[in-house]
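What TrEMBL says about this protein:
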{"type": "DOMAIN", "residues": "1-92", "note": "domain 'Ig-like'"}
{"type": "DOMAIN", "residues": "97-184", "note": "domain 'Ig-like'"}
{"type": "DOMAIN", "residues": "202-288", "note": "domain 'Ig-like'"}
{"type": "DOMAIN", "residues": "293-377", "note": "domain 'Ig-like'"}
{"type": "DOMAIN", "residues": "383-472", "note": "domain 'Ig-like'"}
{"type": "DOMAIN", "residues": "474-562", "note": "domain 'Ig-like'"}
{"type": "DOMAIN", "residues": "572-673", "note": "domain 'Fibronectin type-III'"}
{"type": "REGION", "residues": "659-687", "note": "region 'Disordered'"}
{"type": "DOMAIN", "residues": "678-775", "note": "domain 'Fibronectin type-III'"}
{"type": "DOMAIN", "residues": "780-874", "note": "domain 'Fibronectin type-III'"}
{"type": "DOMAIN", "residues": "879-970", "note": "domain 'Fibronectin type-III'"}
Amino acid sequence: KKATSSIFLKQSKLLCLICSISSHSILNLFLYSTYKWSLNGTLIDLHGDERRRLSGGNLIITSLERDQDSGVYQCTASNTRGTILSQRATLQFAYLESFKMQTRSAVNVREGQGVVLLCGTPLHSGELTFTWVFNEYPHFVQQDSRRFISQETGNLYIAKVEPSDVGNYTCVVNNTITKERVFSSPTPLVLRNDGAMGEYEPKIELHFPDTIPAAKGSTLKLECFALGNPVPKISWRRTSDVSFPNKVKLKNSNAILEIPSFQQEDTGTYECIAENSRGKNAARGRMSFHATPHWLQTMTDKSLSIEENLFWECKANGKPKPSYSWLKNGETLISEGRVQIENGALSISSLNLSDGGMYQCVAENKHGIIYSSAELMVLASAPSFSQNPLSRVLKARSGCDVSLDCRPHASPRAISLWKRGTEILQRSERISLFPNGTLKIANVTKRDGGTYTCIAKNQFGTASTTGRLIITEPTRISQGPSSTEITVGESIVLPCQVTADPALDVAFSWAFNGQPIDFHQDADHFERVGGSFSGDLMIRNIQLNHGGKYVCLIDTDVESLSTDAILVVKGPPSPPDLVVVEEVTDSTAQLSWSPGQDNGSPITGYVIQARTPFTVGWQAVDTVPEVINGNTLTATVVGLNAWVEYEFRVLASNSVGMGEPSPPSTKIRTEDAMPDTAPTDVGGGGGTKSELVITWEPVPEELQNGEGFGYIIAFRPVGMVTWTRAVISAPSVTRYVFRNDTIPPFSPFNIKVGAFNNRGEGPFSSIATVFSAEEVPSVAPERVSAKSLSAADIEVTWELIASTPERVLGYEVVYWEDDTKPDTVGKVRITGNYTAVNVSGLQGNTQYYLAVCAFNTAGTGPQSVPVNVTTKKPPPGQPPQNVEWNLIGSQLVLQWDPVIALETESEVTGYIVLYRRHRNNDVYSIITNKTSVELTLDPNDNYVIQIKTLSEGGLGEGSEPIHIYQLSMGARGSRAGRLCTLSLSPLLICALSTLSAS
C-alpha cells in the first residue's frame with residue numbers, strides 16, 4: 001500500500017519502512033499475512049541481523065549506514081490467497097564533504113573585465129545552496145544585475161569588475177537536509193595594472209542545457225548570466241512567440257526564470273537574451289515534459305466459475321508512454337498457451353482452480369512504476385438456491401406475461417429444467433425456456449396457476465426450488481378523482497376506490513405535482529381516508545399552493561394503476577406590483593400598476609389606498625374613474641391635500657374576495673397651494689384691562705398646503721367698517737392679544753381669522769363677536785357671617801352687591817386656619833346671585849377664618865372683612881357595640897350598648913339605623929334616642945343594616961353591617977360571640993364582619 005519514491009536521511013538515524021495491505025476481498029481481512037523485504041532486488045535475510053527487524057509488515061532499521069542501507073526497497077506480502085508486491089521506495093543518504101584545504105591561486109583581471117570565480121563543490125548528496133563571503137565572515141556578496149551566484153554550479157559571476165570588488169572570496173556550501181555548511185579556501189581577486197578594459201558585447205557564461213526534462217507539477221528554474229561592459233541586461237522569450245503565463249516569475253535581475261507547476265503546455269524552446277550597447281548574445285534550450293505513470297483504468301476483483309474465461313485490462317498514462325507487465329503472486333506472467341498478454345490486457349481461457357491467486361498489472365516508464373492489484377477466485381460448487389430461491393407464493397394478473405427466474409449459485413453454470421406439479425414443461429406457443437434458466441408464460445389464465453419447480457444440475461450435484469403461482473383478476477378503478485374548482489379555505493375529498501381480487505394486497509399513495517405527499521409532514525392539510533379498497537384523499541383548509549395535479553397511485557402484488565385530476569384553487573388575487581406615481585399636482589396623483597395573479601378567478605376591480613404621516617393606517621381614497629374595473633391598470637387619485645407626503649397601495653378583488661395589498665409606492669409630496677381651509681372655533685374675550693383676546697383652533701398641518709404658514713387676525717369695534725389686521729407666522733399659535741389703553745372695558749368687537757402661506761392668502765373664518773377685557777369688581781360683599789354646621793361643615797352667608805359699575809358673575813369664599821398667617825387654605829366659588837354656600841371637608845374642633853369676594857372674567861374683587869368660626873367637636877369614633885337581634889315573623893328587634901363620647905368628641909344625641917333593600921337598592925333610616933329599635937322587613941328580600949351615632953359633630957362610626965338573607969338562600973356564616981336567633985320564618989339573620997368565614 002505504501003508508495004514512497006525517494007527518502008533522504010542523515011546517517012545514523014532510525015528508519016521505519018511501512019508496508020500494509022489494502023484488501024481486495026472481504027475474506028482477506030481475516031487472513032494472516034506474511035511479509036518480506038528486498039533491497040536492490042535481493043531478499044533481505046533478517047535472521048541474526050541486529051540492525052534490521054520486522055514489526056507487522058514494517059521494516060525497522062537502526063544505526064543506518066550509507067554503504068549498506070542505500071538502495072531500492074520493495075515489500076512482498078503473502079497469505080493463503082496469494083502474493084503481491086508493493087511500490088518501490090528509494091533510500092538515499094544526504095551528506096556533504098569538506099573542501100580540500102589548499103591555497104587557491106589569485107585571479108587577475110582588468111577593471112571593466114568580467115570574471116567567473118569557481119566554487120569547486122565537494123562530494124555530496126542532497127540539495128545544496130550556495131553563498132559567497134567577501135573578505136571575512138559574515139560579509140556576504142549581495143547579488144544584483146552585476147553579480148550573480150548560480151545555485152546550479154555554485155560559481156560567482158561578476159559581469160564587470162570594479163575596483164571595489166578587489167578582495168578575497170570564499171564559497172559557502174549548505175546541505176538543506178543535513179544542515180551542514182562548509183567553506184572553501186579564499187580566492188583572491190586582484191586588479192591588473194595595465195589599464196581598464198574597454199567596452200565589449202555580452203558573453204553568456206552561465207546558461208541552461210540544450211534540452212531540459214521537466215516533470216509534471218514540478219518547479220523549473222532556468223539560470224542565465226552574461227559578462228560584458230556595460231553590464232548586460234537579461235530578457236527572456238519563447239521562440240514560438242507565445243507569451244509567458246502569469247505564473248512565470250523572473251528573479252535576481254532576470255537572471256532566473258522560474259516556472260511553477262510545470263505542465264504540458266509549458267514545453268517548447270526558451271531563449272535567454274543578454275544585451276548592452278555593444279551588442280547582444282542569446283542562449284536557447286528546449287523544455288521537454290515527462291510524467292510518471294498514473295492509472296486511467298485499474299483491475300477489480302473477480303470471482304469466476306471453473307472453465308470460464310478471464311479478461312482483465314488496465315490502462316495508464318505517462319510521458320513517455322508506459323509499458324505493461326503482469327504478475328501472479330509476485331511472479332512475472334509469460335504469454336503462452338491459455339495465458340495471453342497484450343499491452344495492458346490479460347486473458348486466461350478455460351480457468352481451473354490453480355489459476356486463482358493475486359494478480360498485479362505493472363505500468364512503468366523511466367520516471368516511475370505503479371502497481372494495480374486484484375484477486376481472481378476460481379469457483380467450483382454444486383447448484384444451490386440458498387441465496388435466490390423462488391418466492392413461496394407468486395401472484396400474477398390474468399392476461400399478462402409471467403417470468404419465473406431460476407438462478408442457482410453454481411460453478412460451473414448449472415443446466416435447469418422446469419416442472420408444473422409433476423409435469424416437465426416443454427417449449428410451446430405460450431411457454432418459453434431461456435438459456436439462463438428463466439421460464440416465461442405468455443397471456444396467463446387461471447388454469448396456469450399451481451406449483452412450479454426449477455431443477456438445476458452440474459457435474460458437482462443437483463438442487464431444486466419450488467413456488468406457487470396464483471393468477472388473480474385484474475384490478476379496476478371503480479371511482480377516481482375528477483377535475484374540479486374550489487375556493488381557498490374550503491375542504492374537499494378526492495375519491496380513489498378500486499375493485500380488486502381478494503387475494504391481493506392493495507396499497508394507495510398520492511402524488512401532488514409529481515412529488516409524493518407526506519401525510520405526516522403535511523397533516524394539517526392532507527389525510528388519507530377510506531377502507532382497504534379505498535384510498536380517498538381529504539384536503540382541509542385548501543390554500544392557493546394546493547392547486548395542481550393530483551395522482552392516486554394504486555399498487556398491488558401484480559400491477560400498478562393510477563388516476564389523476566386537476567384541482568383548480570380559486571382565491572383572492574395576489575397583490576398587484578410595481579405601483580408607480582407618474583404625475584402629481586396639488587390635489588391629484590396619477591398611478592399605474594401591474595396586475596398580480598388572479599388565482600383562478602378573473603380580477604373584477606381595484607381599490608387604491610393612501611397613507612400620510614397624519615392618518616391612522618391606510619385609508620381608501622377617491623379616484624377617477626370612480627370605480628376601477630379589472631382591466632384598468634391606471635387611475636387618478638383626487639381630493640388630496642396640498643404639500644403632504646403620500647404613499648399609495650393597490651388592492652385587487654375578484655369573485656372570491658379582496659386580495660392582499662401591493663407593496664407601497666415610493667413616497668411623494670403633492671405640490672403646494674394657497675390655503676383653502678380657514679381656522680375654526682374663532683372666539684375669545686377675557687384678559688386683563690385694555691386687552692382684546694382672540695382665540696381659534698389651529699389649522700392641522702395636513703391642511704396648511706405649503707411652507708411659510710401663518711394666520712391673519714382681523715378685528716374691529718362693532719358698528720365700524722375698517723378692519724385692523726395682525727399677522728402671526730407661527731402655525732401652532734392659537735391666541736392673539738391686542739393691547740390698547742383706549743379700548744373700553746367689556747366692549748364688543750367683530751373678529752375673523754384667516755390663513756396664509758408662501759403661495760398667498762386663504763379664506764377667512766366667519767365673523768364672530770367677542771368682548772374686550774372687563775375690570776374686576778371694585779366692591780366687597782357686606783354682612784358676611786359664618787355658622788358651624790358640624791365638625792366638617794361651615795355655612796357662610798352674605799348680602800348681594802347692590803351697585804357696582806363692573807359685572808359680577810358670582811362669589812368666592814376663601815378660608816384659612818391661622819389669622820396670623822392668612823394664606824388661603826381653600827376656596828369655594830359659586831356662580832350666580834347666591835348669598836350662601838357650605839364649606840365642607842374641614843377638621844373638627846378647629847377655628848377657621850373666612851372672607852367673601854365677587855369675581856368676573858377679569859378676576860376677583862376685594863375681599864370682605866374676615867369672620868371666624870370654630871367647627872363642632874368630631875362625632876364619637878366608637879361604633880355601637882354588642883348588637884343583638886331577635887327575628888319573630890317579619891319583625892326584627894335590634895338592641896345595642898350605648899356609646900359614651902370622649903371629652904374631645906361631641907355628645908351623643910341619638911342613633912340612626914340605616915337599612916338598604918337589595919331589590920331596589922333604596923336606603924331607609926330610623927332615628928331614635930334609645931338603644932333599641934323594631935323594624936318590619938319584607939321576607940322576600942335581602943337587607944343590609946347598620947347603626948350609627950348622632951351628635952352635633954355629625955354621624956359617628958357605624959356598627960358592623962348586618963346581612964339578612966331570604967331563608968332559602970341560607971347563611972354565609974356568623975361571627976363567634978354574636979347572638980343569632982332563629983324562628984319559623986323564611987328569613988335567616990346573621991352578623992357578618994371582616995373576620996367572618998364566607
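In case you wondered, yes, glycine gets a Cβ from its N, Cα and C as well.
Owing to the predicted nature of the structure, the values given are computational and were not obtained by experimental measurement.
Annotation: stretch 474-562 has the most Cβ pairs under 8 Å to the domain 'Fibronectin type-III' (572-673), among 97-184, 202-288, 383-472, 474-562, 780-874. Confidence annotation: the domain 'Ig-like' (474-562) carries a mean pLDDT of 92 in the model. Sorting each residue of the domain 'Fibronectin type-III' (572-673) by its DSSP state yields 0 helix, 48 strand, 54 coil.
The domain 'Fibronectin type-III' (678-775): residue composition by secondary structure is 3 helix, 49 strand, 46 coil, according to DSSP.
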